[in-house]
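Working notes, structure below.
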């Protein structure tokens with residue numbers, strides 16, 4: 001064997017590659033993060049930074065019900081059976097409910113007159129309507145005219 005004919009083979013330590021083991025193995029090239037997670041390459045390791053609404057080593061899990069946000073660490077505040085977004089915590093309200101956390105009943109009753117009688121200031125009149133609140137209680141009654149809330153001096157609710 002001549003001295004110039006020697007060959008060698010390198011066996012690289014984990015995280016290194018190449019003929020002389022001088023190249024960093026790029027763990028993120030395989031795109032291991034799911035759900036648009038961002039892969040952060042380290043020396044012989046990687047981490048996935050998950051977008052809001054996901055968690056897990058590979059961002060593979062959707063936030064469990066009742067949680068949202070970065071790594072699912074924020075508790076939802078939606079009420080009355082509303083669905084909570086796992087991304088930003090916004091609430092999708094059940095029918096007849098509204099408000100940011102669905103805590104407000106939003107039943108709209110539109111009254112229209114069917115007679116040509118004139119109601120003058122000071123006249124007593126009855127407006128009857130039936131509203132089914134499905135077991136909920138009435139929290140507030142408000143009257144509006146042309147989008148403006150009217151003062152209610154007295155009202156009797158029967159039922």
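Backbone N, Cα and C define each Cβ position, glycine as well.
Annotations in TrEMBL come from automatic prediction, not curation.
As written in TrEMBL, here are the features:
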- 1-22: domain 'EGF-like' (DOMAIN)
- 12-21: disulfide bond (DISULFID)
- 24-60: domain 'EGF-like' (DOMAIN)
- 50-59: disulfide bond (DISULFID)
- 105-159: domain 'Ig-like' (DOMAIN)
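Comparing Cβ neighbour counts within 10 Å across the disulfide-bonded residues 21, 59, the minimum falls on 21. With a cut-off of 8 Å between Cβ atoms, the residues of this chain six or more beyond the domain 'EGF-like' (1-22) that come close are 43-45.
Under DSSP, residues within the domain 'EGF-like' (1-22) fall into helix, strand and coil as 3 helix, 2 strand, 17 coil. Taking DSSP states H, G and I as helix and E and B as strand, the domain 'EGF-like' (24-60) has 4 helix, 13 strand, 20 coil.
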